[in-house]
Amino acid sequence: MAPSRKFFVGGNWKMNGRKQSLGELIGTLNAAKVPADTKVVCAPPTAYIDFARQKLDPKIAVAAQNCYKVTNGAFTGEISPGMIKDCGATWVVLGHSERRHVFGESDELIGQKVAHALAEGLGVIACIGEKLDEREAGITEKVVFEQTKVITDNVKDWSKVVLAYEPVWAIGTGKTATPQQAQEVHEKLRGWLKSNVSDAVAQSTRIIYGGSVTGATCKELASQPDVDGFLVGGASLKPEFVDIINAKQ
């Protein structure tokens, strides 16, 4: 990892927890040592963004797990970046594979969300990744480059964007991409950014890995030169998340 890229660890709590259990988790996180050279962001369920921001130590940022592409309006069940900021969160996760494949969000919609979230001043954790059949068909690069292109077309300021490579076959399955598999895709993504955006953006943009990251797998993954951090699911709800935060130490 280049020294200019600050290690980034996101915890995606998904649709989990209640105030009591999340309060206990927050207590653990507040007591944890967070290295000065590591950025930590937690993404609670929407109903608990306010709660998490009030309880979490300021050293840990808060993200929403999703947002919509416009400011206000007749969009029942949606939240806007402006609302997210009003609750004290500063980041949003967009394009997560569960949004793409469970809720049918298209590349185009995700791109529009990215553009609006950035315009409203949120940082964006933009997720990309291939399914198992796509990897087996040998089209991993084609899929992730197409997804990345739509995101890229909607980004003006790369300083507020973190790319999260999440192979769909490794999310919640217990299968983790090997450090070599992760590094290979991250390196190719950085090369794509260099060719299609700029060398400066390729060098400065953090590309983090998601997909069954645990306390046991994080250190070797973190040692790869193009792995700049993690987006953690299940393990972010457990005390081992502290080990993942400290994976570079």
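Keep in mind that glycine also has a Cβ here, set from the backbone N, Cα and C atoms.
Per Swiss-Prot, the feature substrate binding site maps to N12, K14; the stated evidence is similarity to another entry. Annotated N6-acetyllysine per Swiss-Prot: K14, K156, K194, K238, in sequence order. Summarising the annotation, Swiss-Prot assigns 3'-nitrotyrosine to Y68, Y209. Marked as phosphoserine by Swiss-Prot: S80, S106, S159, S198, S212, S223. Positions annotated as active site, electrophile by Swiss-Prot: H96. According to Swiss-Prot, the SUMO1 cross-link annotation covers K142, on the basis of similarity to another entry. Per Swiss-Prot, the feature N6-succinyllysine maps to K149, K156, K194. For E166, the entry in Swiss-Prot reads active site, proton acceptor. Annotated N6-methyllysine per Swiss-Prot: K194, in sequence order.
Taking every protein chain shown into account, N12, S212, S223 are the recorded positions, and of these the Cβ with the most other Cβ atoms within 10 Å belongs to N12.
Here K149 (N6-succinyllysine) comes close to N196: these same-chain residues lie at least six apart in sequence, with C-beta atoms under 8 angstroms from its C-beta. In three-state terms derived from DSSP, S223 (phosphoserine) belongs to neither a helical nor a strand segment and is classed as coil. Proximity of S80 (phosphoserine) to non-local residues of its own chain (separation of 6 or more, Cβ distance below 8 Å) is seen for C67, Y68, V70, T71, N72, H116, E120, given in sequence order. In this structure, the C-alpha atom of Y209 (3'-nitrotyrosine) lies 21 angstrom from that of S106 (phosphoserine). Sparsest Cβ environment among the modified residues Y68, Y209 (other Cβ atoms counted within 10 Å): Y68.
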